[in-house]
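Scroll down for the structure; my scribbles are underneath it.
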Amino acid sequence: MEKFGMNFGGGPSKKDLLETIETQKKQLLQYQARLKDVVRAYKSLLKEKEALEASIKVLSVSHEADVGLSGVQPPGLTFPDSVDDRCSTHSEDSTGTATSLDTAASLTSVKGEFGVEDDRAARGPLPPKSEEASGSESGVSSSSGDGPSAGSEMDKRVHQLKTQLATLTSSLATVTQEKSRMEASYLADKKKMKQDLEDANKKAEEERGRLEGDLKVLQEQIAETKARLITQQHDRAQEQSDHALMLRELQKLLQEERTQRQDLELRLEETREALAGRAYAADQVEGFELQTKQLTREVEELKGELQTIRDEKNRPDPRLQELQQEAARLKSHFQAQLQQEMRKTALAEDQLRQQSQVEEQRVAALESQISEVSELLGTYEKAKQKDQLAIQKLKERLLQLDLENKTLALAASSRSSLDIHGDESSLDINVLKDKMEKLKKLLQVAARKSQVTLDVEKLCDPEIMANSEAADGEKATALYYQQELKQLKEEFERYKMRAQVVLKSKNTKDGSLGKELEAAQEQLAELKDKYISLRLSCEELESQHQQEAEDWKQELARLQQLHRQELERSQLDFRDRTLKLEEELHKQRDRALAVLAEKDLELEQLRSVALSSGLPGRRSPVGGVGGGGLGDPADTASSDSLTQALQLAAANEPTFFLYAEQLARKEVEITSLRKQKHRLEVEAHQLQERLLEEGERHREEVGALQSHIEKNMRDQSREGANLEYLKNIIYRFLTLPDSLGRQQTLTAILTILHFSPEEKQVLMRLPSGGSWWPSGKR
């Protein structure tokens, strides 16, 4: 109530006190249950502690007994005692580390057997006499005189070990029992908590359904109250038309001028920024389009040249075609994905915009309903003040009637005293005169209060009485006065009946007014509760829709991030593949250059061989002439083949180098084209990102402008109701004497004015506003 400014003074109500008492009772029951659990756990821990102390005590006693026996033992029984010590050591270790009785017994027996066998193996083969002496108990008893005492000590030792084992098993059983009980209690508590959780969920579902039904009923009641309030507003508008119209027109003009000026400034700045950004983007887009067109022309020319080269060579590179096809396929795939993501984002933005519009309409409807309920509360406050004035008037009337009843009671008491003493003093004329004077005064008072015209002067005129006394003194007898008293009694009875009727009517009227006041108070409390519940539901819905909008935005950002990551991944894959292909082309070119170098070397060798062989060939005719003119046919055939090979090599040499140069030029052009293609793709992606950013910013600006326009329309539609509600709240704020009421009324003003944080800070800095501002809002 205090949060929404509905409690205009006073302490906590009876309902709040009962709720606090119930919560304290629940807390006491919880604390009692926790205390019982703590006591139970403490008792179980005490049992475990006692069991562990008993086991520790037994172990310490066994250790002391072992020490005592080892100190008193004779030298002839060294080996059995060592065996027993080992067995006891093994049993103590096993019982100290085991988790149950069976494992402890098994470990003890196994370790004892292993100890005896190890001792026997370590002792080795004994001589026959020693084996016979130590083989049986009779031999030991006949050979040594201390045999019976050692046997009794061994029996005591065995009995002591058995008792220790029994105590250890009992302590272990108690510990396991406590652990199992704790585990069972833990499982029971877990089951109970699950059941409580299910019950709480069921209760929450039922409460949610009930609240939805209550919300529907409240909406219907709000519609009814809205219709009633409209009629009341029409009635009140006729009464306060002049002042309200003047104030409304002035405030409307001022607000419209301010809003128009602010809107024009904001729109001017936004349009300037938008025009500058669009002009810059348009210039960039035109420049990029020109660059892309130029590059596409160059690419087409280069493609034509490549096609001519391929046609000349008639050996197209299949890997380059596959690369281009794959690049085109990836480009189309990415464009399709981009268009699909853009459609998804546009659809999500449309859904968010529609949902935000619906939520704003609902919030506006709820705010109008809240303003109407606040106006209804103002009317109820006025009716309450009127009822209080009527109650005050009725209280004054009741006090007046109480005074009349008191006077009537005094008159009745005086009349009874007159009746009692009438017989005794009826014969005295002076006494009767005094009584008549008193009765006359009482009659005058009663006549004034009951507004009955009685001619008291004529009845009790002293001149008439004096004349009657002088004329006929004998007629002043008891009968005359008794008749007058009878008349007075009748008049008194009539007045008494009238007073009773008045009292009855007053009581019935007070009862009806009290019932009406109680009904009005109950209705006011119900309306306050409904207002609070509606406000809370409105806030919950608003927070829920804000959360949904944030989730949508996060999902959109996530999808965009995934798309960008996939795009970058595909670009990286494409770059890796292009780099690999470029490396292969470079390797192929290196191999071609190496082959060309080898061919050059071979040609040089052939030329050198041809030159060396050509010199004797030229000299052969001289020798032939000197030698008789005969030559070798094999030498002539070899020289002819060499000259033909040289001629072929010389003829094919320019074409081979031209082919190598063309291959190198083609590789250089391909690498440059790939670089240009990569650069163009990067620029295209950057342009797409910029266009997307520009589109998002434009959509945000359009949404902000639409929300601002809708807010202005809502403000204009709700201006009359808000001004009326604000007038009532400010009137209440100015008429309240206490600071607590002022703070609560100020919180009610906040529900309609919606101060910004900067305005709140300015108000808090002021010395006068800081005292009015509530501590919870700072």
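Each Cβ is built from the backbone N, Cα and C atoms, and glycine gets one as well.
In Swiss-Prot this protein carries:
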COILED    13-61  coiled coil
COILED    152-702  coiled coil
COMPBIAS  83-93  compositional bias 'Basic and acidic residues'
COMPBIAS  94-109  compositional bias 'Low complexity'
COMPBIAS  133-152  compositional bias 'Low complexity'
DOMAIN    716-766  domain 'GRIP'
REGION    70-157  region 'Disordered'
REGION    186-208  region 'Disordered'
REGION    617-638  region 'Disordered'
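Under 8 Å from some Cβ of the region 'Disordered' (186-208) lies no Cβ of any residue in the same chain that is six or more residues away from its ends.
For the region 'Disordered' (186-208), the DSSP-based tally of helix, strand and coil residues reads 23 helix, 0 strand, 0 coil.
Over the domain 'GRIP' (716-766) the predicted model carries a mean pLDDT of 70.
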